[in-house]
Structures are given as C-alpha cells and as structure tokens.
Amino acid sequence: MASSSLSAVLLLCLAVAASAQLSPTFYDTTCPNALATIKSAVTAAVNKENRMGASLLRLHFHDCFVQGCDASVLLSGMEQNAIPNVMSLRGFEVIDSIKAQLETMCKQTVSCADILTVAARDSVVALGGPSWTVPLGRRDSTNANEAAANNELPPPFFDLVNLTQSFGDKGFTVTDMVALSGAHTIGQAQCQNFRDRLYNETNINSGFATSLKANCPQPTGSGDRNLANLDVSTPYSFDNAYYSNLKSQKGLLHSDQVLFTGTGGGTDNTVNNFASNPAAFSSAFASAMVKMGNLSPLTGSQGQVRISCSKVN
Ligand code: HEM
C-alpha cells in the first residue's frame with residue numbers, strides 16, 4: 001500500500017477512535033438543559049429570519065471540513081478570512097448568544113463545536129427536514145487554519161471528479177456527497193458564485209437562467225453580491241426539491257448541476273433516487289451529517305471548552 005493511502009487509513013482510524021468517545025448523553029448530568037436551550041434559540045432565530053437555518057447549517061460544514069469539528073471557524077479572523085468564508089458565512093451572532101446563555105446555566109461546560117453541531121441539526125428540523133441523534137463531547141480548538149480553509153472547502157466551480165475527491169479525502173462516499181449537497185435545498189448564493197453558469201453554460205434551463213440574469217448582470221463587478229435562492233422551488237423548506245431541480249437543469253451552482261447530467265453520469269441514479277424518494281434522501285442526509293459531525297473531533301483533555309466562541313480562553 002502506498003504510504004499516502006496508509007496515512008489516510010491511519011487518519012480514518014484515528015477519527016473513528018475519537019468519535020467513539022462522543023456520546024449523545026454527554027451533557028445529561030453536567031448540563032441537562034443544554035439541548036433544549038440550543039433548540040429553542042435556533043427555532044427563534046429561524047422564525048425571525050428563515051435564511052438563518054441555512055447559514056447555521058453551512059457554518060457547521062465549514063467548521064468540520066477544516067481540521068475537524070472543533071469550532072475553529074468561529075475564532076475571529078483566520079478561517080473567517082478564507083475565500084469561501086469571507087463576506088459569506090453568517091450566523092455567528094446566533095451561536096454567540098446561545099453560548100452566552102449556556103455559560104450562565106453551566107459554566108465552561110458545553111463546547112462551541114457541540115453547539116454548532118446541534119444547531120445545524122435543529123436548523124434542518126426547524127425548516128421541516130429530518131432529525132437525527134447528535135453524538136456530543138467535542139472540544140474547541142485553540143487555533144484555526146486559513147490556508148486549510150482555502151484548500152479544503154470545495155469551490156462552486158468544481159466538477160464531479162473534484163467534488164468526489166474533496167469529499168473522498170474526508171472519508172465520504174459519493175452517495176454521502178450527493179446527499180450532503182442536498183443542503184442546497186435551503187439558503188442563498190451570491191451572483192459572483194453562479195454568474196458563469198448563467199452566461200457560459202448550456203446545461204441550464206433557459207427560463208431559469210433568464211429569470212436570474214436581471215439580478216445578476218454579466219459584467220464582473222456588477223451585482224456580485226446579489227442573492228438568489230439555491231432551491232428555486234421551495235427555498236425555505238428542507239425537502240428533496242433540490243434533486244428535482246437538478247433533473248430540470250435548475251441547479252444554481254455549477255457544482256450542483258454536475259451531479260445530474262441526464263445522460264448516465266456517475267451520480268444520475270442517486271439524484272433520481274433522492275428526487276423520487278424523500279425518505280431515502282432524509283435517511284442518507286441524516287447519516288452523512290452524523291459522519292460529518294464525527295470528523296476528527298477533539299475529545300477528553302484535548303483543546304478546551306471556550307468561554308466565548310470567537311476567542312480562545
Ligand atoms: C458539494 C460541495 C459544495 C460547494 C461547492 C458549496 C458551495 C456553496 C456556495 C458557493 C454557496 C453560496 C455562498 C455565497 O454565495 O455566499 C453555498 C451556500 C450554502 N451551502 Fe454549500 N457547498 C457545498 C456543499 C455544502 C454542504 C455539504 C453543505 C451542508 C451540509 C452546504 C450548505 C450550504 C448552505 C445551507 C448554503 C446557504 C447558506 C446561506 O444562505 O447562508 N453546502 N455553498
């Protein structure tokens with residue numbers, strides 16, 4: 001076995017060993033109201049602004065893909081300045097306010113990384129999506145890595161080979177990757193991330209493209225930050241409409257539409273299955289989210305439980 005595959009296997013074993021230390025009952029005695037507190041704060045935040053569910057879900061993904069689910073993305077500066085994150089990630093204030101509530105209830109007990117993981121689940125539930133049990137006991141990093149955020153978060157111009165590689169590097173199957181992409185059934189993207197698709201791609205529904213062009217003009221620099229819904233049909237429901245959109249060439253991002261070619265592409269069957277079978281999507285999404293939440297957590301005496309999520313103690 002090549003040494004790179006050996007080290008990948010070793011990394012995976014370490015991740016599995018660490019996640020074995022996580023447990024859904026981790027706070028049952030030390031902070032019994034932690035989960036209820038997070039849930040009610042997330043529900044309130046989503047009721048106030050329905051996009052917030054999407055933003056919290058994405059925060060968790062961008063945390064876990066960069067040195068594991070360790071709340072590194074919440075440290076001010078650093079990863080937050082990486083290209084996929086800057087002027088794009090949102091929801092920090094919701095996590096900060098949950099953390100402040102939990103600090104008054106149970107001092108320095110519930111980690112920011114766990115708050116983010118539970119908040120991602122509760123966001124999906126608040127928008128009508130599936131629920132799952134979240135293993136807990138992650139601790140928070142004392143560092144963050146801007147370069148890793150730039151290298152390891154997939155950009156929207158990736159094709160299927162790049163996406164498969166990017167998720168494969170983290171231990172995900174292609175089916176996991178297609179299921180996780182279904183997170184784009186909620187939330188919004190900026191024109192600069194889908195402009196090329198509107199003006200330079202042919203696998204796009206023409207009515208769909210026309211409807212988006214007015215708010216996303218062709219010249220770079222005009223309307224770059226204007227927003228469009230990732231799911232054109234049901235933007236605030238966590239459902240399987242994302243996959244039906246792909247089948248009608250209404251994926252917003254290049255990286256969405258590459259999942260369905262209609263000509264027997266590698267992930268066409270999975271998209272067909274998730275489009276026609278909401279339960280299959282829900283269950284694949286839930287298990288892939290648990291897998292994502294288990295990416296290299298800090299446990300035991302590693303790292304720390306931050307008092308404020310935006311800075312180390
Ligand atoms: C498959 C590779 C992926 C790529 C290339 C990608 C790329 C993007 C881009 C470019 C945006 C718009 C950002 C902006 O314009 O400000 C976005 C938004 C979003 N992404 Fe992804 N993403 C991917 C996978 C995921 C995964 C795995 C999740 C979660 C499980 C996720 C959740 C979201 C959500 C919920 C939004 C909307 C956020 C909001 O409205 O605040 N994405 N993504």
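Cβ from N, Cα, C; glycine included.
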According to TrEMBL, D231, T234, D239 bind Ca(2+) 2; which one of T185, T202, T270 is listed for that same site?
-> T185
Which has the fewest other Cβ atoms within 10 Å: C64, C112, C309, the disulfide-bonded residues listed?
-> C309
Here the 10 Å Cβ neighbour count for C191 (disulfide bond) comes out at 20
Mind running the recorded positions R58, C64, G68, C112 against ligand 1 and keeping the ones whose CB falls under 6 Å of it?
-> R58
Do you see any of the binding-site residues D63, E79, T185, D231 whose C-alpha is within 10 Å of C69 (disulfide bond), and which ones?
-> D63
If you draw a 10 Å sphere around the Cβ of C106 (disulfide bond), how many other Cβ atoms fall inside it, taking every protein chain shown into account?
-> 15
